[in-house]
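What follows is a single structure, written as structure tokens, with notes after it.
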Amino acid sequence: MSSLSLGVAGDTLIPQGTAYGLLIGLGVLFCGVILAAVKIQKVYLSEDSATSEMFMVANRTVGTGLTASAVFSSWMWINETVFAAAMCYKFGLAVPMWWGSGLCFQIALMAALGVLAKIRVPYAHTSLEIVRQRYGRVGHIVYILLNLACNIFGCASMILTGSQLIYGVSGMNFAAATILIPLGVVLYTAVGGLKATFLTDYLHTLVALILIIFFTLSVLTNDTIGGLGGLYDKVTETAAENYISGNYQGSLLTMKSKQAIIWGLILKFGNLSLVVMDTAFWQKSFATEVNATVPGYDLAALAIFGIPWGLGTVIGLTGRAIHNTPIWPTYPAEFTTAEVNAGLVMPYVIKALIGDQGIVAFFVLLFMALTSTVSSSMIAVSSILSFDLYKTYINPKASDKRLVRVSHISVVIHAIFITAFSIALNYGGADMTWIGYFRPVLTCPGIIPLIFTLCWEKQTRLALILSPILGFITGLAIWLGTAYHLYGEINLTTTEAGPPALYGAIGSFFSPGLYSVLISQYKPYSFDWREFLRIELADIEPVESSSSSTSPTITKEDKDNKSQTTNTIEPISTTPSSDKTATIKTPTVIQNREKPLIASSAISLDDIQHPFSKETLAELHRWYRIAWIAWIFIVLVTFVAWPMPLYRDYIFTKTFFKSWTTVAIIWQFVAFFAVVVFPLYDGRSQIVRGATGVWESSRTYLSRK
Ligand SMILES: NC(N)=O
């Protein structure tokens, strides 16, 4: 969510030709690298993205390191890389800290949900599939719409933010930037599927983190700034001209900032829906191997904190320190609020202190942050269109090959749609701040009922369907009602103020929980979690009879009419003591196998066997407990123990500021080790196998006469 002003032409910092060259060149480079990587995986590591299981959930074999870097990369948006600095410039150093805490607890929550999904719905591909399996068609469609809305608004706002920045620094045609950003991503995502995004995510993370550390340190060590002490001195010397209303003594150097805390809270709700309501974050957890989900997600959660905190603090305060000096690109003209809202603080600081090469590097960072978000969105929407819509409602008998083809087409359709939607928003004069405040109200209502689907056996179908709708109405009423109550009228300006948006988001998030509990008292029922396993068996028969029942089952007649030639999921067995299941850690889908099935409805729940061995299940339960402990720890520390004691009449002393920012910078390095260095170590055997294969093939080829 950004406070973005569109159509703000800044000082041209980079020639248009260079900007076009960079955007197209980086797109082509990434396509080439990823297509080569996909080929190597296919030939030397037996990983073929032409199967739907590989395309959508990377065969459920992704390790901790790659998971951490992929989750980190999909979650590292332009918001925290560029706008944390702009918001720190506006409200002071409380913002980057709140921003960090507004990013990490959601990812830690997904660690717990992801591992629980592995336990209860081991073959799931998307979060929506879980909703359908438990509640049928109507609930599924409600959640498809909520997911698509979340994804489309999130992705379009990122593309618009990126296009605005590119336009702002280079003057490149806005529409051209909007088209070029998703173009390269389409190709590698369509060809490589989820595993390709895991790999590009790694490259994005590597380059972006190097640049983030480079910018932070180059700015700090610049002679004009003079290190942490110099930065502190400059900010205190210019305190009178940088008075921030709502902050303690108007200081940039205090945690007691009303606007920062409101901003931080809205961010928490908006970001929670961007994670839980985005099937991409579920898919990535389905793609992980059993022991990788929790450590992978928790590493990413910790690493992401380092992005807004260190970078935002250093760049935002530096902007304040030098914006009235001759080195500032717009000097002596005033640096306007519109320019700040367009995200131009960071490129201007870079131009002033690092120069043209810095701006090229900034452009590369923009590209990395943008394309990783866009590719993740593409996989998510493509999985919804191909798996949740096409396979479920249009062609249940679709072969695996056809499903992958539809996934490819869906990526292209989504790219065209999102580009057109972004351009329409721009030319329609969209107010991105307003959209940023509306989105949590629209998408938060789905969160609790979705979590209940996996965690609470007593939530009924009616509760799942009605509570998000009622929650949205409640949130909307609170948002508009508060705007009216506080400011006397409802218009764009009053609904764009922080407090109404915050109260609206709170209403949207919490009220569905209450509605769900209340509605579930009407015709109460209790869901047996083993039903998920039985339904998954039913799902491999191309039927959709589950759509009209709270506790879906397949009738004998239904079953008798179905083809017996279908995908079957091997490890589920009606023979409880099957040896085969004892060692299986990763469910395997066997393609198009002729195998007579017993009607799933005819199998007693007591005979349904979990595909994981007892030991693996025990391990998963242990991870589940660890995930909740980690989540509670992260919430307590980053919401309460750390920031709250500082919310008082206190302006940072020089020593405290230096220590604070030093820890923030150390955190960047920790992030680098967690999501860049560790994945290399973690994936060393695959890297060696791939490299050996390429080396051997090259040698054979070269030695041919
Ligand atoms: N990562 C986000 N949503 O800023």
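Glycine is treated like the rest: Cβ placed from N, Cα and C.
Those TrEMBL annotations? Automatic predictions, nothing curated.
As recorded in TrEMBL:
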- 563-585: compositional bias 'Polar residues' (COMPBIAS)
- 544-585: region 'Disordered' (REGION)
- 20-40: transmembrane segment (TRANSMEM)
- 138-159: transmembrane segment (TRANSMEM)
- 165-190: transmembrane segment (TRANSMEM)
- 202-221: transmembrane segment (TRANSMEM)
- 260-282: transmembrane segment (TRANSMEM)
- 294-317: transmembrane segment (TRANSMEM)
- 359-385: transmembrane segment (TRANSMEM)
- 406-425: transmembrane segment (TRANSMEM)
- 437-455: transmembrane segment (TRANSMEM)
- 462-481: transmembrane segment (TRANSMEM)
- 623-642: transmembrane segment (TRANSMEM)
- 662-681: transmembrane segment (TRANSMEM)
Key: Range from 165-190, 406-425, 662-681 with the greatest count of C-beta pairs under 8 A to the transmembrane segment (202-221)   = 662-681
Ask   = For the transmembrane segment (406-425), what are the same-chain contacts with Cβ under 8 Å, counting residues 6+ beyond its ends?
value = 52, 55-56, 152, 155-156, 159-160, 163, 175, 178-179, 182-183, 185-186, 189-191, 193, 374, 377-379, 381-383, 385-387, 390-391, 398, 435
Message = Let me check one thing: do the transmembrane segment (662-681) and the transmembrane segment (294-317) come into contact, meaning three or more Cβ pairs under 8 Å with sequence separation of at least 6?
response = yes
Ask   = Of the stretches 20-40, 138-159, 165-190, 294-317, which racks up the most C-beta pairs under 8 Å with the transmembrane segment (462-481)?
value = 138-159
Task = Can you tell me which of 20-40, 260-282, 437-455 gets the most C-beta pairs within less than 8 Å of the transmembrane segment (138-159)?
result = 437-455
Key: For the transmembrane segment (260-282): best-contacting stretch of 20-40, 294-317, 437-455, by Cβ pairs under 8 Å   = 437-455
Task = Six or more residues out from either end of the transmembrane segment (294-317), which same-chain residues have a Cβ under 8 Å from its Cβ atoms?
result = 62-69, 71-72, 75-76, 80-81, 84-89, 93, 95-97, 99-101, 103-108, 110-112, 114-115, 212, 215-216, 219-220, 231, 235, 252, 285, 288, 345-346, 349, 623-624, 626-627, 630, 634, 638, 660-661, 664-665, 667-668, 670-671, 674-675, 678
